[in-house]
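First comes the structure, then the notes that go with it.
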Amino acid sequence: MVIVALSSPSPLPWRNLFSSLPSSSPPPPTTAATTATPIPIPKYPPPHKTPPPPRNPTPGFKYHRHSNYHKPVHPGEVISSDGDRSVVIGESGVSYILPGAPFEFQFSYSETPKAKPVAIREPAFLPFAPPTMPRPWTGKAPLKSSKKKKIPLFDSFNPPPAGMKGVKHVEMPGPFKLGSYPKEGKTREEIIGEPLKKWEIRMLVRPLLSQNRQVNLGRDGLTHNMLELIHSHWKRCRVCKVRCKGVPTVDMNNVCHHIEEKTGGKIIHRHGGIVYLFRGRNYNYSTRPQYPVMLWKPAAPVYPKLIQDAPEGLTKAEADELRLKGKSLLPICKLAKNGVYISLVKDVRDAFEGSPLVKIDCEGLDPSDYKKLGAKLKELVPCVLLSFDDEKILMWRGKDWKPRYPKPPPLFSPVEAGITEDLNNTGEIDDDNQSKHDGYMVRTSSKMLSLWNRAIESEKALLLEEFNLGPDALLQKVEEFEGISQVTEHSYPAFISSGEDGVKHSIANFGDGTEDSYSSDEPDAEDDDDEEDNDDDDDEYSDDDYYDDDLYDTVDSSVQPGSLPVDYIVNGMKPRKEK
């Protein structure tokens, strides 16, 4: 066996290949190995600088939102003028006057406060397109005119033929009687034509009850751009359906007035917040009034504060005391967002009959909405606003408040009221008493006297101090008494009246709506007038398809059979017939 020893020119100083144990400890690792990282840190590019937004060419947008612009104005002042085009502070706030316009344009026609504006929040710019707008140079020539076939324009008097392609449906004028034709009209009366009959209104309204094609009227009320929108609906249909929600529904009469005045149409049916607007029998879309469209919403002007530290008729200490009491007061109702508030004014007036303070819960509504509600209630109720804290409207009825209903009248017995017995114990009529009776005396039986007395004591009947009342005054008395007693059903005679000529009249109103009149033999001349009025009322629209079932219910009465005055008269006449 031969062992060969290999030698190297540069043997390792610390390593011995033939030794069993290391001669010395290995050296420590180098520092370069410890500082090196396995993954290098990435280098990101510098953040990209966003270029500044381009300058808005429209000067009206510069001060439109969140600006500190404040310029005091006075009623009747012309803020800006450019020839015939001007911005004026009129009776209804900021108005825009254009040459040839039929009226002063506004952003909202129905939701303008009655208070005069104090200042404006933006410079006075007309929100309409300028009369001439030259094309700016873009480095390219204008495009050539299109070679497509031009579709002819059809109006309501010349509709497109049936089955023609590429043309939408255009509604013809009408409805007309057989043999009648449309006429060109310029005034509102000529365009609307003859009043619609009941069956015509049903024919026009019924198809729209289940349709969603409508104009939505929101918190801004009737705006300027809605006028053109309503005419676009009238082009396809004779009736435009307008659905109102939110703040404007507090005063629906005001909304309907402005809709009819600005559009020239006629409201033929109204249910809650839904209005059906008829365009007219002789309406022509091509000759409609055309208004310029507003390009942006102008900023609302500054109005006086609604909440004062010391409101009308109160000192600051008294107002603070009322606000403190209002914190523990329960609200009369809670308003829903985008709801219909038609009965809100009546509810507040009724609540003021029992409490000087009234609170309304407006939780969830936009602050501008319940502030507009407070301004409307201040004018319509009227009342004094105290606070809008905690999303609630707190109102005080004021020192000049007067109750809607008079105090309940004192109770009189039937004898004091002039109600006496006209029948003796035998059931026969006393001629002497009958000849001596006064024109205001109503004679009845003892049983009926007891029933009237019981009804008066239970405040289910009212004795009138004045007998010679007209129908309107009598209806007002009945409505006031109904509000006081909160009685909805009357099973007994509710009032006693007498004619001016001294003839006896006794009218009994029953729960089923019928009237029994015991009067002179001569027919009343007013019956003929009522029949003529009924013929005129046929032209108005009323829904005859729905009736109240309660009208046909029988009335339970505690009167025993055979105890009425008629029964005594019949019993007294029987022996005479036998003889």
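Glycine too: its Cβ is placed from the backbone N, Cα and C atoms.
Annotated compositional bias 'Pro residues' per TrEMBL: 39-57, in sequence order.
Residues or ranges marked as compositional bias 'Acidic residues' in TrEMBL: 513-553.
Residues in the domain 'CRM' (194-290) partition by DSSP class (helix H, G, I; strand E, B; coil) as 43 helix, 22 strand, 32 coil. For 194-290 (among others), the entry in TrEMBL reads domain 'CRM'.
The feature domain 'CRM' is assigned by TrEMBL to 312-408 (among others). When averaged over the domain 'CRM' (312-408), pLDDT in the model lands at 91.
The region 'Disordered' annotation in TrEMBL covers 1-58 (among others).
Positions annotated as region 'Disordered' by TrEMBL: 506-579 (among others).
Taken residue by residue, the domain 'CRM' (312-408) breaks down under DSSP into 38 helix, 16 strand, 43 coil.
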